[in-house]
Structure formats: structure tokens, C-alpha cells
Amino acid sequence: MIWHVQNENLILDSTRIFMKAFHLLLFDGSFIFPECILIFGLILLLMIDSTSDQKDIPWFYFISSTSLVMSITALLFRWREEPMIIFSGNFQTNNFNEIFQFLILLCSTLCIPLSVEYIECTEMAITEFLLFVLTATLGGMFLCGANDLITIFVAPECFSLCSYLLSGYTKKDVRSNEATMKYLLMGGASSSILVHGFSWLYGSSGGEIELQEIVNGLINTQMYNSPGILIALLFITVGIGFKLSLAPSHQWTPDVYEGSPTPVVAFLSVTSKVAASASATRIFDIPFYFSSNEWHLLLEILAILSMILGNLIAITQTSMKRMLAYSSIGQIGYVIIGIIVGDSNGGYASMITYMLFYISMNLGTFACIVLFGLRTGTDNIRDYAGLYTKDPFLALSLALCLLSLGGLPPLAGFFGKLHLFWCGWQAGLYFLVSIGLLTSVISIYYYLKIIKLLMTGRNQEITPHVRNYRRSPLRSNNSIELSMIVCVIASTIPGISMNPIIAIAQDTLF
């Protein structure tokens, strides 16, 4: 009899949970329509892969790319709608979150065609690769709109788990396995530190988990200037620093970049930074509103360390991917300037604008590396010597992307950095901007060193890799070249395109 009653109670509880979930999805689901499109694409991929004996690879790519493009379209149609807090306060939709979601979708859309030829040549499993990419994209999108501590923790874990699986996708590669283990262990440690910081924030606010309610809770408990908040700030900064590859939490980055498949590195190098930057901006700006001086100081120190260490160590690298790893550490230091400046002096607009340009510059560079690696099998910087004599198109594309990363005019990277540094200067961050300018000059040195190798390699310096290089004709169906051309064009757009981009970015208020 007791068992029968308990069983009935369990059924009733399960029914209530199901009805509540159905109610939330029915009334709030329209606000996450772009995410629902990706979920539908994931289910469709799984169904086709499970039921079909013959793997129609072009069809898998088509479904993935179409899902991403449709999600972007749905996101654009939702632009300028009223901000909404949905799913019982777990998720928020506004222009600020949606522009970061757009950037993540743009990254994934460009990364899929960049991966096609690489996966075919390495004989990697295509379905799982696309599933991990779409799931990571979904996790990044939910992180951008996360409005409570639980979602802010669960969403990046979804992204991180897919990142671990993608970085170790070439199971027979010893370097890939080593990189995955380091990434997994350090990622787990950083997540633990982040959760510990959240627990201090949760306790200090009187048990609140929503970001805005945490602020109200801190006011009610009079704990907004307590040591507990400073401890929470310290732990959360360390956890976010790992996600952003900020020094000194950057040790995993070079090994993961070098050991992972190159298309995976291209994907992780941009999407992780976009999602983590969106989350960091909201975490620091809302719950730590009363500790703005403290987190400004912390981020300034981390930004200076990242810009100096990243660019100085990049000079000594012999691997293209390791060089880009240290370069990305320096680049995220520039992005931090926009987060510190905030919305009052156009900091968020400059950060978003620079991130848009960084996506095109970085993915364009990685597209060139993927193409060169497939044709030569090497990643060493010295092996690029004299590439211009064999493949002028690839050499010029790589040179333009590197010059844009360095911030030379009249390329997009120059105007992005100029606007970012100008906003920092207006906000009074004179020392931070000066360090940024100095390290930008240092970065130009190692980028120009590579370009000199590309263009002026003498016959005796040309390695067998380039000497035996066979340039395939430019084909309309070469997806890597398609991604490369799109990124190169976006990286070389002059300042004439800046005004509309900045105008759109300035609308991204909370």
C-alpha cells in the first residue's frame, strides 16, 4: 500500500515537472527560436546518421550550414525587440546578448566550410564533428543570454565538454591526446574555482542566483563591500581568466593550439573568446556593480600581463599555431580595455567592433594555415619561406590577414584597434592604452618576420616542403578557399565601413 502511494506521488510529481517544462517552452520558446533551430538541426543530423546506412557527407554539411544560417536570420529578425527575461529568470534576450550570439553563429558558419577538406583528408568522423560544433555553438549562445549563476555555469560546461572532445578528435595523435588532457584538467580546475566564487556571491546576497537580484540582495544584506564579495570577485576573475586565456591562466592555450586539429583550433580561438567576453561583461558589470574599482584594477593587471607576455613570447615561436596562440593571448588583452571602459565611453561598442574584425582576421589566417598544412604537411614557420613563388594567392592572403592582426593601416585591424584605444584614452586608461600601443608595435615585428619569409625566401632558404609544393587551381567548390576569401575581404575593409558597424554596436545596451 505504501509503495502504491509513493508510486502515485512520483507519477504526479513527474507530470507536474513535465507540464511546467511544456508551459515554459510553449510561452517562452519563441524567444529562443534561433537556439531551437540549432537544436532541430542537431536532432536531424542524429536521425539521418542513425537511420541511413550510406553517409551522405555533403548532406550533413548542408544541414549544419543551413541550421546556422537560419539561426542567424532568426536572430536578425529579432533585432531591436524589447528586452525580455524568460524561463523563470534564467535567460535574458536583449540587443547586447544577441550581437554576441550573432558573432558566435558567424564564427561557426565560417568554420564549417573551413573544415570540409581537412576532415576528408584526415578521414575523421564527420557526423560527430558537426554535432560537437553545433552543440558548442548552442552552449555559447545560451552563455551569452544567461541571467543566473546556474545557467552561467552549465552553459560554458556544455561548450567546454564539446571543446575537449574536439581537441582530442584525432585519437591516434599523441600531441592531440596530450593537449586534450591538459585542457580537460585545467578546464575542470578553472570551473571549480568559478563555482567556488559563485558560492561566495550566492551566500553574500542572501541566496539569490539571478544577476540583478544578487545586486538587490547585496543591498538588503549590506554585504556589497564585505570581504566575501572580494573573495568572490577574486575566484570568479581567475575562472573567467582561464576561459579567456588571460595571463597567467594561459598555459593551456599554446599546447591545445599546437596539438588539436587546425579547424578545431580556428573554431575554439574565436567562439570561446566571444562567449566568455559576453559573460564576463555581464558578470562584472551587474553583480559587482559596487566593486567596480576593484575589478577594474584586477582586469587592468591581467590585460597588461596578457599583452606583454603574449606578444613577447610569440616572437620566439617556431610553430605557426603556437605563435597564433600567444598572439591570441595578447589580442584578448586589447579586448579587456573595452570591458573596463564600459558603456559610458563607447567601450562595449569598440570591443564588439574589434571582435568582429578579429574573427575575420583570425579565421582568415587559420584558413591559410589549413590549406598550407594539407598541401605540405608542416606547421613550421621556416617552411613558409618562398611560398609567394609557388602560390602568390595563398601568400598574399596570409600576409593581409597577418598585417590586419598587427593593426597596420588601412586594414580593418588598424581601425578596430584605433577605436578601442581611443575609447580607453578618453576613459583615462592612459597607462593601459600605452602598453597596448607598445605591444601592438611588438606584434607587428613577428608578423612582418613571417611575411618577409613568405615573400623573399631565397632559393637556398626554400625548404623541400615549398619546393615540392603543388598549387591546386582555384575552384569554386573548394570550401577552404571560399572561407579564406570571405575572411580576407573582411580583414581588408578600410575605415569606410566603420561608422555603420559602430552605430549598430552602440545600440547594444543592457
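Numbers here mean position along the shown chain, with the first residue as 1.
Here the Cβ of each residue, glycine as well, is placed from N, Cα and C on the backbone.
As annotated by Swiss-Prot, transmembrane segment applies to 24-44 (among others).
What Swiss-Prot records for 57-77 (among others) is transmembrane segment.
Tertiary proximity for the transmembrane segment (99-119) is limited to same-chain residues at least six positions away from its ends with a CB under 8 Å from its CB atoms, namely 34, 61, 64-65, 68-69, 71-72, 75-76, 126, 129-130, 133-134, 137, 140-141, 144-145, 261-263, 266-267, 270-271, 274-275, 277-278, 352, 355-356, 359, 363, 366-367, 370, 374, 478-480, 482-484, 486-487, 504-505, 508. Residues or ranges marked as transmembrane segment in Swiss-Prot: 99-119 (among others).
Here Swiss-Prot flags 124-144 (among others) as transmembrane segment.
What Swiss-Prot lists as transmembrane segment is 183-203 (among others). Residues of the same chain lying 6 or more positions beyond the ends of the transmembrane segment (183-203) and with a Cβ under 8 Å from any Cβ of it are 149, 152-153, 156-157, 160, 163-164, 167, 209, 214, 228-229, 231-240, 242-243, 249, 251-252, 255-256, 287.
Under the heading transmembrane segment, Swiss-Prot lists 227-247 (among others). Only residues 6 or more beyond the boundaries of the transmembrane segment (227-247), in the same chain, are considered here, and those with a CB under 8 A from a CB of the stretch are 156, 186-187, 190-191, 193-198, 200-201, 203-204, 218, 253, 272-273, 276-277, 279-280, 283, 288, 290-291, 294-295, 298-299, 302-303, 305-306, 309-310, 328-329, 332-333, 336.
Summarising the annotation, Swiss-Prot assigns transmembrane segment to 295-315 (among others). Tertiary proximity for the transmembrane segment (295-315) is limited to same-chain residues at least six positions away from its ends with a CB under 8 Å from its CB atoms, namely 233-234, 237, 241, 245-248, 250, 284, 288, 323, 326-334, 336-337, 339-340, 429, 432, 435-436, 439, 442-443, 445-446.
The transmembrane segment annotation in Swiss-Prot covers 323-343 (among others).
Residues or ranges marked as transmembrane segment by Swiss-Prot: 354-374 (among others).
For 395-415 (among others), the entry in Swiss-Prot reads transmembrane segment, with the evidence type sequence analysis.
Taken from Swiss-Prot, the feature transmembrane segment covers 428-448 (among others). When Cβ-Cβ distances below 8 Å are used as the criterion, the transmembrane segment (428-448) is approached by residues 300, 303-304, 307-308, 310-312, 314-315, 317, 323, 327, 330, 333-334, 337, 340-341, 402-403, 405-408, 417, 420-421 of the same chain, each at least six residues removed from its ends.
What Swiss-Prot lists as transmembrane segment is 484-504 (among others), and the listing cites sequence analysis.
Spatially, the transmembrane segment (484-504) is adjacent to the transmembrane segment (354-374); three or more Cβ-Cβ distances between them are under 8 Å for residues at least 6 apart in sequence.
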